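Undergrad: Annotation source Swiss-Prot lists signal peptide at 1-32, citing sequence analysis. According to Swiss-Prot, the feature domain 'J' maps to 35-100, an assignment based on sequence analysis. Annotation comment: Swiss-Prot describes 130-232 as domain 'Thioredoxin 1', evidence class sequence analysis. The disulfide bond feature in Swiss-Prot is assigned to Cys158-Cys161, Cys480-Cys483, Cys588-Cys591, Cys700-Cys703. Annotation comment: Swiss-Prot describes 235-350 as region 'Trxb 1'. Per Swiss-Prot, the feature region 'Trxb 2' maps to 348-463. The domain 'Thioredoxin 2' annotation in Swiss-Prot covers 454-553, and the record cites sequence analysis as its basis. Feature annotation from Swiss-Prot assigns N-linked glycosylation site to Asn530. The annotation domain 'Thioredoxin 3' is assigned in Swiss-Prot to 557-665. For 671-776, the entry in Swiss-Prot reads domain 'Thioredoxin 4', with the evidence type sequence analysis. What Swiss-Prot records for 790-793 is motif 'Prevents secretion from ER'.
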Amino acid sequence: MGVWLNRDEFIRDVKRISLCLLVLYVVIVVGTDQNFYSLLGVSKTASSREIRQAFKKLALKLHPDKNPNNPNAHGDFLKINRAYEVLKDEDLRKKYDKYGEKGLEDNQGGQYESWSYYRYDFGIYDDDPEIITLERREFDAAVNSGELWFVNFYSPGCSHCHDLAPTWREFAKEVDGLLRIGAVNCGDDRMLCRMKGVNSYPSLFIFRSGMAAVKYNGDRSKESLVSFAMQHVRTTVTELSTGNFVNAIETAFAAGIGWLITFCFKGEDCLTPQTRLRLSGMLDGLVNVGWVDCDTQDSLCKSLDATASTTAYFPPGATLNNKEKSSVLFLNSLDAKEIYMEIIHNLPDFELLSANKLEDRLAHHRWLVFFHFGKNENANDPELKKLKTLLKNEHIQVGRFDCSSAPGICSDLYVFQSCLAVFKGQGTKEYEIHHGKKILYDILAFAKESVNSHVTTLGPQNFPASDKEPWLVDFFAPWCPPCRALLPELRKASTLLYGQLKVGTLDCTIHEGLCNMYNIQAYPTTVVFNQSSVHEYEGHHSAEQILEFIEDLRNPSVVSLTPTTFNELVKQRKHDEVWMVDFYSPWCHPCQVLMPEWKRMARTLTGLINVGSVDCQQYHSFCTQENVQRYPEIRFYPQKSSRAYQYHSYNGWNRDAYSLRSWGLGFLPQASIDLTPQTFNEKVLQGKTHWVIDFYAPWCGPCQNFAPEFELLARMIKGKVKAGKVDCQAYPQTCQKAGIRAYPSVKLYLYERAKKSIWEEQINSRDAKTIAALIYGKLETFQSQVKRNKDEL
């Protein structure tokens, strides 16, 4: 006999069963040493958002705080947390995909937050479709796409950020379609937030391509946010009358732009002024918005058969005085979003390019082309119709091509499924296929970058196997997230390397044979071919580091040492010379991961510390003689003393360029001067030289991190500007008088001889090169001003 359960009991039982199944799944996965993707239950193609959502779901169910009676809860959760830490980080994910866990030995992690953090603080906006969580690699492309963005920079532990979250969600729904609403987690993307000048949370900024970011400082209510946003929306609502009607309509129709017109009679419903403004912003560049006061423009309304309040969309060429015409769209809604969506759906599709004229059309203009097979899949996202307008200033035309009408053409382009591609005005020879998100802002960024870049899509017919010119070739797979992240950086690099080497991409899912020929075992693999020389790139996914890699191939920053040169250059070094040496083996995964960081570090230490490397596979007996017992072994050889063989071994956990440089600089004599209140007053405030001062506190972590950077700065500006340090814990009154409110703080003091006075300025950067460039710029400006003042006298 069956037992009937009521609804609540049934739901509780289902939840219990679901939890049991989830726990069982994780136990099986953890116990069988599955890979990180399996641990989180995501595919290798998962986006950052999907990874966060999967981890949060597991964290809330399996956190040790929720499972106090499970002795294995801590260990099991560490494995899941470790998987998340690696897969959320683009560089670590690339290392893991290429080397597995062996490539992560320098990044052990091992810490996690409380259950309440994952429940209330983690991924605040991941479940809100109207809010786009932006990451560093996509931020600039998004805000420079041409659309208007309002971005919330927040920190997970910030109470004010959580107070704002419900309002931000309501606001996002209110303005959906009018502008893009974004969010940046400064806990995950600290570098991005620092680059954008975010010093407090939440910080709200408006972004649009071509204009400086505008910070919002007003009340955090939905109404105030909407009012502020509307100030930056491009809106033009035209009041139509007998005097301007014909000219306004004909001018727009001639440009291929239709009109949305609301006819208003007193006492009847028509679109409010606020709704008209919103629609004008939402339809900017697509449709003009106007209104007619039929009480004062009676004859105009009668000529258009408008006898009651109504709203209609008139496409270009529509007959206005015949409302029976099927081309006119009458709208019954008074809601801006509903009207917007209905009009967007009714806008014409992109031009269908014919097979016999395709080559000619692509040879004379730059095009963004949607390829489809039979059914046009773009109709599912009507917002893409904005592309034509948003790309107009870039002189990019937008069209579509049906591959079922000419399969041979698509086959020659290696197009075997629906996609979109940019053609650069040279027919079908120069093109690039889009592998990113099929959403408006991502496509816009791709199109703008691609037409101006010099990236060639490679295949068997144009692969530079025997080309005399140097090539940088990226072997990739479209499903691979790190590959997709690298592509925009390659475009940036290609413009800066134009004329020096060529840049191409090869899709290994299509050209498997070519990739196998070059023994490509992981994606992305980026290789420089220079005739017989082949060099694999191992650095971060940034244009800057790609350029550094190319420069290092031309002018190596690391000396490759042999036993003979090691003896001559290191052991017999001059008295004032110092060396840092990396003993490595080519087969060692941590060594491979270290090498690009080692080269990067070497470039920043030019003129200060000599940097070398020894291949212990090639010189095994020599390394044994030098007592090298592990790889990589990093040693610092200080200024020569009576003990020529003295060295210091690096035992730090982090082997990135910044950490290694800080370690090496720590052995050099201090270049800056420690100042007391008396010497600060005498030498800086009353002295006759230029100074840059680091105000710090010994207990301050950022101060400790900045200390070696300041020492590097002191050496870079030696002879031009003196560098000093003031301990604000020991001398608080000196720092208070100097206006210091945070540590570390850097201030520049320039002495003006004519006035015998000191000019001072706060410096916000923490990068030695940036500060040095800023100081030299200020000196040049300062000296020019002094010269002008003399000339005037």
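Including glycine, each Cβ sits where the backbone N, Cα and C put it.
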Undergrad: Between Cys480 (disulfide bond) and Cys700 (disulfide bond), what is the CA-CA distance rounded to a whole number of Å?
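TA: So the Cα of Cys700 (disulfide bond) lies 40 Å away from that of Cys480 (disulfide bond).
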Undergrad: Within the chain of Cys483 (disulfide bond), which residues six or more apart in sequence place their C-beta under 8 angstroms from its C-beta?
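TA: His435, Asp474, Phe476, Ala477, Tyr523, Pro524 - these are the non-local Cβ neighbours of Cys483 (disulfide bond), listed in sequence order.
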Undergrad: Once the chains shown are all counted, how many other Cβ atoms turn up within 10 Å of the Cβ of Cys158 (disulfide bond)?
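TA: Around the Cβ of Cys158 (disulfide bond), 16 other Cβ atoms lie within 10 Å.
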Undergrad: Looking at Cβ-Cβ distances, which residues of the chain lie under 8 angstroms from Cys161 (disulfide bond) while being 6 or more apart from it?
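TA: For Cys161 (disulfide bond), the qualifying residues are Ile124, Asn152, Tyr154, Ser155, Tyr201, Pro202.
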Undergrad: With Cys703 (disulfide bond) as the reference Cα, tell me which of the recorded positions Cys158, Asn530, Cys588, Cys591 is the closest one.
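TA: Result for Cys703 (disulfide bond): the nearest of the recorded positions is Cys158.
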Undergrad: Which one is it, among the recorded positions Asn530, Cys588, Cys591, Cys700, that lies nearest to Cys158 (disulfide bond) by Cα separation?
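TA: Closest recorded candidate to Cys158 (disulfide bond) by Cα: Cys700.
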Undergrad: Out of Asn530, Cys588, Cys591, point to the one nearest Cys700 (disulfide bond) in space (Cα versus Cα); all of them are recorded positions in the record.
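TA: Out of the listed candidates, the nearest Cα belongs to Cys591.
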Undergrad: Cα-Cα, whole number of Å: Cys588 (disulfide bond) versus Asn530 (N-linked glycosylation site)?
TA: 25
Undergrad: In whole Å, note down how far the CA of Cys591 (disulfide bond) lies from the CA of the residue listed as 'N-linked glycosylation site'.
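TA: Per the Cα atoms, the residue listed as 'N-linked glycosylation site' and Cys591 (disulfide bond) stand 24 Å apart.
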Undergrad: Which chain-mates of Cys591 (disulfide bond) that are at least 6 residues away have a CB under 8 A from its CB, listed by sequence?
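TA: Expected: Asp582, Tyr584, Ser585, Tyr631, Pro632.
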Undergrad: Rank the recorded positions Asn530, Cys588, Cys700, Cys703 by the number of other Cβ atoms within 10 Å of each Cβ and report the first-ranked residue.
TA: Cys703
Undergrad: Need the DSSP three-state call for Cys703 (disulfide bond) to compare against my parser.
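TA: Cys703 (disulfide bond) sits in a helix per DSSP.
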Undergrad: Looking only at DSSP and grouping its letters into three states, which state does Asn530 (N-linked glycosylation site) belong to?
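TA: For Asn530 (N-linked glycosylation site) - judged by DSSP and reduced to three states - the answer is strand.
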Undergrad: For a three-state summary based on DSSP, what are the helix, strand and coil counts in the domain 'Thioredoxin 1' (130-232)?
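TA: Going through the domain 'Thioredoxin 1' (130-232) residue by residue, I get 40 helix, 25 strand, 38 coil.
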